[in-house]
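K.L.:
Let me give you the structure first, and then I'll get to my questions.
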Amino acid sequence: MFKNIARLASMARSAPRTTASFQTRFMATTASGTASASATPATFTLQNGPVFTGRSFGANRVVSGEAVFSTGMVGYPESMTDPSYRGQILVFTQPLIGNYGVPSGKETDPFGLIKYFESPHIQCIGIVVADAALKYSHWTAVESLGEWCKREGVAAISGVDTRAIVTYLREQGSSLGRITVGEEYDAEEDAAFVDPGEINLVRRVSTKQPFHVSAAADVENPLHIAVIDCGVKENILRSLVSRGASITVFPYEYPINDIAHHFDGIFISNGPGDPTHCQQTVLNLRDIMYEKPELSELPIFGICLGHQLLALAAGAKTVKLKYGNRAHNIPALDLTTGQCHITSQNHGYAVDVNTLPAEFKPYFINLNDQSNEGMIHTEKPIFSTQFHPEAKGGPLDTSILFDKYLGQVHQYRAARKSGVDTRPNKLLVDLLPKQRIGVEIDAWDYVQ
């Protein structure tokens, strides 16, 4: 019996898969729903690669950007609102997407942070799925995935062979892609692909003015952290304030080096695109790390793009990965303890570990592709990770790194000269806005 099962499984794996078969399965899945499937044809094209036809269930627009894939089984609202996906077309490997709908983006937690999203809007410019669920069920859901995409102006295509797309990207490497709705594919339009890597995407997602999020009212004398916003996720801010820290968030190019002495710690956030676009941020960090002896013990923590910017500030280099790491189940080894952690990741660039200066050593390593996942200073309280300890979505194995960082911040504050309070004026801080400023998505650079 087991031999027969194995033989049938082998036959199924070797059977040819066509776009037509996926379109049929899409129609069969959605036909049982309460809403009708869109009859509008759509095309997903990889530059210099295959063309996939399907059905549109999002906004009626043509978009172009970097095609990337995520293997996360859940968490599509969090992924789609993650600013690190700005300018990208997100391919989901999970076969059925949208079955638990989309929660409200207006609900907030006790700190005033968005409860279910990682930013106020969808950040990817398009999504590609095998099956899109038109029937959804969850107690937090207020609309379907398709309705959300239409309202946010995001192109979405279903009924395509996502396994073939991922296989191509994995073997050929990162590629530009385009979603066309209601039009036939025209090979002469291949020159119309837009490369978001040539755009400073951080400028698009960073707050335009400083804003402040206070710790809980019952926290006495809270720590005060300066956050450099390169596209910070809501759950990163929540991970800090829920541990008793007040945070002031600054635009990515803000001269933080001029006011760093007012804070108990510096944090550099995640964000989209090529880290070399953020030259001023790198110079500001380098000034804090190497040119201000009075800040030599100031704790600094960076995540994702923040990790890469810290590495650049230290004199290291970054490289573009073949197809990036975007998943919720990537093993990372802590080189200081020998422990393995399952991590959430979303990045297309990595730090070249061979270029790290002598004062830094590798902190974590990716056990899948051996790429660098973090660095730590040999003497100062400075460390960073390529993965996301805050998850959302994904495991919380490494959330203890926030505790480690805030422990260093507590030590730094305690060691400061007694009787000298250099922290920002509380009245001025309280007058700051309480949320991101000027990051509304009113125009895309990559919509044709």
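In case you wondered, yes, glycine gets a Cβ from its N, Cα and C as well.
Checked Swiss-Prot, it gives:
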- Cys304: active site, nucleophile (ACT_SITE)
- His388: active site (ACT_SITE)
- Glu390: active site (ACT_SITE)
- 224-415: domain 'Glutamine amidotransferase type-1' (DOMAIN)
- 1-27: transit peptide (TRANSIT)
K.L.:
Let me know how many other Cβ atoms fall within 10 Å of the Cβ of His388 (active site).
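P.N.:
The Cβ of His388 (active site) has 27 Cβ neighbours within 10 Å.
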K.L.:
Taking every protein chain in this structure into account, which of the active-site residues Cys304, Glu390 has the most other Cβ atoms within 10 Å of its Cβ?
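P.N.:
Result of the Cβ crowding comparison: Cys304.
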K.L.:
What three-state class does DSSP give His388 (active site)?
P.N.:
strand
K.L.:
If I take the alpha carbons of Glu390 (active site) and the residue listed as 'active site, nucleophile', what is the distance between them in whole Å?
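P.N.:
Distance between the two Cα atoms comes out at 11 Å.
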K.L.:
What's the CA-CA gap between the residue listed as 'active site, nucleophile' and His388 (active site) in angstrom, rounded?
P.N.:
7
K.L.:
Helix, strand or coil at the residue listed as 'active site, nucleophile', per DSSP?
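P.N.:
Going by the DSSP assignment, the residue listed as 'active site, nucleophile' belongs to neither helix nor strand, so it counts as coil.
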